[in-house]
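Student: Structure below; questions to follow.
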Amino acid sequence: MGQTGKKSEKGPVCWRKRVKSEYMRLRQLKRFRRADEVKSMFSSNRQKILERTEILNQEWKQRRIQPVHILTSVSSLRGTRECSVTSDLDFPTQVIPLKTLNAVASVPIMYSWSPLQQNFMVEDETVLHNIPYMGDEVLDQDGTFIEELIKNYDGKVHGDRECGFINDEIFVELVNALGQYNDDDDDDDGDDPEEREEKQKDLEDHRDDKESRPPRKFPSDKIFEAISSMFPDKGTAEELKEKYKELTEQQLPGALPPECTPNIDGPNAKSVQREQSLHSFHTLFCRRCFKYDCFLHPFHATPNTYKRKNTETALDNKPCGPQCYQHLEGAKEFAAALTAERIKTPPKRPGGRRRGRLPNNSSRPSTPTINVLESKDTDSDREAGTETGGENNDKEEEEKKDETSSSSEANSRCQTPIKMKPNIEPPENVEWSGAEASMFRVLIGTYYDNFCAIARLIGTKTCRQVYEFRVKESSIIAPAPAEDVDTPPRKKKRKHRLWAAHCRKIQLKKDGSSNHVYNYQPCDHPRQPCDSSCPCVIAQNFCEKFCQCSSECQNRFPGCRCKAQCNTKQCPCYLAVRECDPDLCLTCGAADHWDSKNVSCKNCSIQRGSKKHLLLAPSDVAGWGIFIKDPVQKNEFISEYCGEIISQDEADRRGKVYDKYMCSFLFNLNNDFVVDATRKGNKIRFANHSVNPNCYAKVMMVNGDHRIGIFAKRAIQTGEELFFDYRYSQADALKYVGIEREMEIP
């Protein structure tokens, strides 16, 4: 028993020693390889330079160059001295004047920064990348500053640990190198020195052969446990095991991750569902700024579950040709049944109270099942339901459709797609490739029953073949999203009266805590009202167009109906410190063409980027300053204050360093985030502080995002330096900005 306990205690320690020794060997081997590559590249570049130099020397010898004729005597010129220039070639010595330049005042100190035209969200830095140099004076005054700074990062400094670096390449090599050890070798320390030397020689002899080919069996769990104990930041043993599987599988030619869908245009295209085909688009596409790989919104909004009330493109109901599917018996009724079912049958709400009244719940057909084999039972249930409880609703639909269809067509609208199948001509036996089937499922969610348009987009199938494929897949295609008909549309005047009362309630809530402004996140509770549990209501934010609630939600901002410039408190958007939304404010000019220079609405400058031309020059107050090139009027937009969007905790950590430098570009955006223009920003970052400024800053809500705008506090003339109030205390103002600008005499 004692021997077993000794082995169990010795095992993990022995594996840790192996991990450390193999890791150091691989690191040293990697350094040697890197040094050899550098030497070979240096020798190659040196040889190319010598060859090129020899060619240029030969060209210079063949050219006939005449020296520039210069006066032999320059002593008569004031402030100059003679300077002779000699050449190794057969050129005579030249005498030229040497002029002395007067001393020039140096420009103010400027730290490097990257220009930005919009905000850029970054993650928190949990590791101190470098210890900033504050100068000897700062360290003498506060010797514990560096220690406190490191404590803010939990003692994590980049490059501080000896074994802190391990990338994917070294990780795979380390696991493969440790795979040559056996589990029975835990008691190697008890062997004789001669036996250990023999084992070490055998390992070194076979190491190169084993590293050159993949391991025969999967590495032991002890290897990953030992690596996890040596590198705890890299994850647990299970996570390292999964990572090793992914890295080794990706090395195989043509191997794809298990969740990856083959290219729809490639030879290995598969027939997959619509959600799987569009997974990458839904994941990478930002529905708030309409960009892929958005760097401003880390949490992408989910696709809207509501369908547009008015389609942007009109549907063409005419047959596309003599072979069009509309000439088939029952085809028009089939398309009309799909349209009627989409309008009449909204999807079920997950819990929550209904806000709208349906015509008759018993007449609504059940949702199609996914299993194709059970489609017959589902169809019989649907038919029974429509025959017993749906007669009144069918009559109402027939009366509405009489203008565009015949009575025979209207009588067949209650039938389901599967029941329509025996009435049409025998379908063609056409094979659909995986790419064509996947493309059809993608397009059916956009064009619904417009099979002619789907056929034109697919390109390899006729509209009749598309129609027959749609009938075949009726039981597995998800129902189309319902139109937003939960609540009847109110009249505009009554809607705005209710909105005014709602704004007064919100304003009363915000009076007690006016400084609490929280970041907006779209609410995602479709088919449920925005009550006290809604995140927008909790944060005292208005619901935006990106929320999943109904368009008639009482917490939604409806926009304005102004006919003027929207620059007074008569405009609801201006009163709510928001810019006019081009999707909501349709009468003030905010929805005009984006390239239009003369826009009647003056409350959409930030989103349009209508900034003024700014000039950078040394300031009379402190360091650099920013100056206006063209005159601006009072309350006119000048520029947006852009930079990195960081959290409040990250701003506290950075602010301690900026305070020591006595230079800070931090600007509070809301209670959650701060704009830092130190590393990235635009030219307005050089605007200095003043207690008598000519500009003012205002945080506005612009299409769901808080953004900082700089506006003119008074009329500003050409060439004036821009100032705005940093809201410093009196002590901080004297510490950071020692000189106050002179007041202009009116």
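Glycine too: its Cβ is placed from the backbone N, Cα and C atoms.
Quick caveat, the model's predicted, so the values are computed rather than measured.
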Student: Could you let me know which of S44, S76, S220, S610 shows up in Swiss-Prot as phosphoserine?
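Tutor: Record says S76.
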Student: Out of S21, S639, S647, which residue gets the phosphoserine annotation in Swiss-Prot?
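Tutor: Matching S21, S639, S647 against Swiss-Prot annotations yields S21.
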Student: Among S8, S366, S405, S514, can you tell me which residue Swiss-Prot lists with the annotation phosphoserine?
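Tutor: My reading of Swiss-Prot gives S366.
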Student: Across the region 'Interaction with CDYL' (329-522), what is the average pLDDT of the model, as a whole number?
Tutor: 57
Student: Around the Cβ of S21 (phosphoserine), how many other Cβ atoms lie within 10 Å? Please give the count over every shown protein chain.
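Tutor: Taking every protein chain into account, the count is 12.
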Student: Tally the residues of the region 'Interaction with EED' (39-68) by DSSP class, grouping H, G and I as helix, E and B as strand, and everything else as coil.
Tutor: 24 helix, 0 strand, 6 coil
